[in-house]
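Quick look at what TrEMBL lists:
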- 9-23: compositional bias 'Low complexity' (COMPBIAS)
- 1-32: region 'Disordered' (REGION)
- 106-128: transmembrane segment (TRANSMEM)
- 134-153: transmembrane segment (TRANSMEM)
- 165-184: transmembrane segment (TRANSMEM)
- 214-234: transmembrane segment (TRANSMEM)
- 250-271: transmembrane segment (TRANSMEM)
- 277-298: transmembrane segment (TRANSMEM)
- 305-330: transmembrane segment (TRANSMEM)
- 375-400: transmembrane segment (TRANSMEM)
Amino acid sequence: MSDVELTCDNNNNASGSADSASDTLNPLPTLSRYASHNAHHGMHRGMQDHPALRQRRLSVSSALSHHTSISSAASLASIDRPPSRTSSPEGKLPASKIYHPLSPHVLALLMPASIFGVLARLGIQALVGYDGRSIFPLAWVQVVGCVIMGVGVEIKDPLGQFYGPLYTALTTGFCGSLTTFSGWQLDVFQSWLNVDQGRRDWLRDVIDGLTKSLFTLALSLAAVMFGSHCASILRRRILPPIRVAPPRRIVRYSVSILGVLIYAAAYPAYFRLPAKFRHQATAALLFSFPGTLTRYLLSIYLNPALSLFPLGTFAANMFGTAMIGVFQVLQGLRNPLSPNACAVMQGLEDGYCGCLTTVSTFAVEVMTLEEEKNWFYVVLSWVTAQLLLLVILGPSYWAADVSERTTCIFVS
């Protein structure tokens with residue numbers, strides 16, 4: 001794959017194409033520099049001075065696979081978007097393969113992807129949440145999601161050649177819903193307070209919180225790189241000889257309709273299945289797509305706004321962390337809510353907040369943003385999230401109005 005992608009300002013394409021529409025939502029910078037200290041300075045100046053190369057920018061997948069960095073956070077806005085006209089290494093994608101970020105096909109596939117992401121997260125947590133475990137359950141969730149995210153970013157071009165909405169479904173939908181930034185931050189905050197009432201002193205509480213903070217970050221970043229490396233091998237040895245024809249029009253519309261129906265089935269599942277499943281899964285399924293859609297829209301409109309850090313992802317993660325704090329307060333009231341209300345609160349935590357916030361996209365952004373900015377982004381996100389939880393949960397806990405452990409009674 002080429003290290004750079006041409007961002008063309010030519011507006012001679014058909015005005016009705018999805019590509020032209022996507023340009024209005026793609027205010028990416030037209031000039032980006034290689035930020036590596038090992039870059040050849042002569043080549044660096046030549047690329048800037050050459051008029052044909054002024055519009056070049058480093059692609060996210062290329063930055064991951066070549067261990068280089070991107071200087072402007074606004075360039076990372078492409079992570080959540082479907083493959084664009086500059087995604088193909090062989091040349092521009094034809095208009096029939098380009099999808100607007102808000103295309104019905106893209107949004108339709110986000111629905112089942114959100115459902116499957118939530119189910120995978122809840123399933124992994126149930127599988128690894130046994131007594132005597134060696135690692136905290138959310139670590140497994142973040143690693144699995146980040147490995148798949150690394151694979152998805154690396155094979156964005158082949159997915160664009162086949163069917164672009166699949167990329168957004170895999171990365172933004174499935175991986176973004178599988179991993180959870182708000183759950184991670186709540187887990188860290190509860191470690192400071194020793195909510196599980198383990199036999200340890202305050203120093204061990206601090207160590208436990210730092211362990212969950214540092215190891216989650218390190219494992220997530222390593223998992224993204226591992227997934228990207230595996231996918232690069234896959235692309236070189238398996239994908240090049242394979243030429244699969246893009247799905248026909250009837251297949252594309254059928255898949256989109258099926259995606260909508262899968263999400264719609266979550267509503268009868270909530271009411272028709274036994275009530276004991278509501279807090280375990282079915283309530284979370286109801287709120288999964290709204291959370292994913294909120295994050296997706298924030299990413300599209302806010303991520304290109306700043307060059308310092310991805311504002312959209314940051315806003316989604318902070319808003320979701322604040323909301324999960326509010327839901328924790330409601331679940332810990334001295335006078336418990338009704339079982340149905342408790343199930344809804346749990347569904348909002350696991351479904352809406354879990355899908356609204358993401359570690360997978362966060363990890364890719366940290367890995368590809370240049371060094372000074374990526375550490376600022378990490379520290380800002382972690383500190384802000386912990387302060388939000390402190391402001392929301394702290395006064396309720398210390399005033400003894402809310403229990404540190406949930407008082408909800410679920411239907412069993």
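Cβ coordinates are placed from backbone N, Cα and C, and glycine is handled just like the others.
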At an 8 Å Cβ cut-off, counting only pairs 6 or more apart in sequence, do the transmembrane segment (250-271) and the transmembrane segment (165-184) clear the bar of 3 or more pairs?
-> no
What stretch of 106-128, 214-234, 277-298, 375-400 shows the most Cβ pairs under 8 Å to the transmembrane segment (165-184)?
-> 106-128
Quick one: find which recorded stretch in 106-128, 134-153, 214-234, 305-330, 375-400 has the most Cβ pairs under 8 Å with the transmembrane segment (277-298).
-> 106-128
Contact set of the transmembrane segment (375-400) with the rest of its chain, CB cutoff 8 A exclusive, min separation 6+ beyond the ends, reads 73, 181-182, 185-186, 188-189, 193, 213, 217, 308-310, 314, 317-318, 321-322, 325-326, 328-329, 332, 362, 365-366, 369
State the non-local partners of the transmembrane segment (305-330) in its own chain: residues 6+ outside its ends, Cβ under 8 Å from one of its Cβ atoms.
-> 29, 71-74, 76-77, 181-183, 185-186, 291, 294-295, 298-299, 337, 345, 348-349, 352-354, 356-358, 361-362, 365, 369, 373, 376-377, 380-381, 384-385, 388-389, 392-393, 396, 402, 406
